[in-house]
């Protein structure tokens, strides 16, 4: 029996039931044929959204410091504006992620893309330091398109296939980040190049908004889980699948109506969800994410300067080495599917091993006696960090539950933002002692994260055992 036919056929005995079964079978067959195609198209379009997002951003970001200095800003003012952007990201990511749980992914993603486009348009019109600072406000608050896209992917795919899809999404986004600086650097050579590049970035965001608007949202919930569900474990009963479809349709209707609720009601709901995360027992997962984020940031914080001091390497070669690592990170995202299958889809084990491997590679870099050892550590570190980043997100969603995926990803992004604020300070202090100080400190933080993971093994292995309160 097709999924939607079974409940009604059971209630209609005799010839009427048989007729309805045949009708539903015919219609269900058409839907089954169309659903996987629509679902796959939806996910591929989200890959394109991630690519365009980071491609547009990376066109402008490498040129921003040069532009603000050309406007007459001092190094201190430029640093303050950069820090304010990080602080806005820190506080807004949780709220925007939670807001996407309430009003739905479509409206929140569109709002974030369009308001970010506004920020880059203002950046293209910034002729003073004040206008430059103002242009960073909408971007600092609403540039969470990648987090919402990941939450949407989490809604669409099964838990078993989530690492694979997330890895491909990260790979597509990384390709955009690799290509963007090259194109942006070329455009900057022309007169008024920064302004042209900013307007191009804003146009790319508008194009991204159009792509999101045209996504097959009608197929978002009805076909995606069937398409991405494991072939060998497709054992839901007809009634269960019917209930799942009914629940999906109801959730979609609630999300659509929530967008038009009073802003005060939305704010109250956001605060309630954030309280649920705060009162849950997820602190250790976020602590692991924080420690590993700081460890990796410490590795990259003084990378160029340390190579010059330790081995006399020119900054150009260090830039090539970092681009090489980014390209390998894309490859690691594409290989995540076979790797997760090799681990039997055990996210905890994969995260533990990748974090251990990351710790060993940073230690190898800190004690390297030649550039070949640095190249070796950078090569494998690109794989381990990409895998670890995807696994920690998957573990957050598995243990915390998909009911508040946007909120969970927002909190995780806030945790990473705290790491971005703290890492430069720790790096500066450690570098006072030795060029190897930051990576040596990173090794200690990574070891601490591994100890925490081992101490909480039972929780990580029993997915969904931690229930968020007030949900």
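Think of each number as a place in line: the chain as shown, counted from 1.
Cβ from N, Cα, C; glycine included.
So that you can see what the record holds, here are the features copied from TrEMBL:
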type	residues	note
REGION	1-33	region 'Disordered'
COMPBIAS	1-17	compositional bias 'Low complexity'
DOMAIN	42-460	domain 'Major facilitator superfamily (MFS) profile'
TRANSMEM	45-64	transmembrane segment
TRANSMEM	76-97	transmembrane segment
TRANSMEM	109-134	transmembrane segment
TRANSMEM	194-215	transmembrane segment
TRANSMEM	282-301	transmembrane segment
TRANSMEM	321-343	transmembrane segment
TRANSMEM	350-375	transmembrane segment
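Under the criterion of 3 or more C-beta pairs below 8 Å, with sequence separation of 6 or more, the transmembrane segment (76-97) and the transmembrane segment (45-64) do not qualify as touching, having fewer than 3 such pairs. Among the listed stretches 45-64, 194-215, 282-301, the one sharing the most Cβ pairs under 8 Å with the transmembrane segment (109-134) is 194-215.
Sequence-distant contacts of the transmembrane segment (194-215) (same chain, at least 6 residues past either end, Cβ-Cβ under 8 Å): 42, 45-46, 48-49, 52-53, 55-57, 59-60, 63, 66-67, 106, 109-110, 113-114, 116-118, 120-121, 123-125, 145, 184, 187-188.
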